[in-house]
Amino acid sequence: MDQEPIPSSLEDNPQFKEETSLQKFRRRFKEEPLIPLGCAATSYALYRAYRSMKAGDSVEMNKMFRARIYAQFFTLIAVVAGGMYFKTERQQRREFEKMVEQRKAQEKRDAWLRELEVRDKEDKDWRERHAAMEAAAKEAGKRKSVPEQDAARSAIEPADEKSIGVLAAVRELLARQN
């Protein structure tokens, strides 16, 4: 691969980004093309051995089984050599994936904390409104006095005064005396 220096911040390097499974397959295929080549050679040797067996050609079948063994050996060597060659890059990729997971977890935690703060603020606002309403109700209960009743009584029109009745008038007189 390229001999680029190790990036100081993996997020700034476009080489390290989140990828889909198809992108990952393509990238791995480009990084280590010998492994799929070895797998294809092994499959082809097995196919040819099968055809030779069906045809009854034991000499060709034995050659193809040997070719399969050589192809598998080639694939194994490609895997080991590729693993050694791309070791540092894989470590960087693992570190990057850990950082991405940590970033996602941190974003999720931050969103959760923001939601808790909003709920806490709403709760405090509700408690303040509730306390203010209770205080206003207590204040209104303390302020209820005779002048207020007289003010309410004066709002009644003179034509409606006659319909108050004797019982209400007696209660009003008793309330004024107390």
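In case you wondered, yes, glycine gets a Cβ from its N, Cα and C as well.
Swiss-Prot annotations:
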{"type": "COMPBIAS", "residues": "136-151", "note": "compositional bias 'Basic and acidic residues'"}
{"type": "DOMAIN", "residues": "6-97", "note": "domain 'HIG1'"}
{"type": "REGION", "residues": "136-157", "note": "region 'Disordered'"}
{"type": "TRANSMEM", "residues": "33-49", "note": "transmembrane segment"}
{"type": "TRANSMEM", "residues": "69-86", "note": "transmembrane segment"}
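Under DSSP, the residues of the domain 'HIG1' (6-97) split into helix, strand and coil as follows: 72 helix, 0 strand, 20 coil. Same-chain residues lying 6+ beyond the ends of the transmembrane segment (69-86) with a Cβ under 8 Å from its Cβ atoms: 1, 31-32, 34-35, 37-39, 41-42, 44-45. Taken together, the residues of the domain 'HIG1' (6-97) have an average pLDDT of 84.
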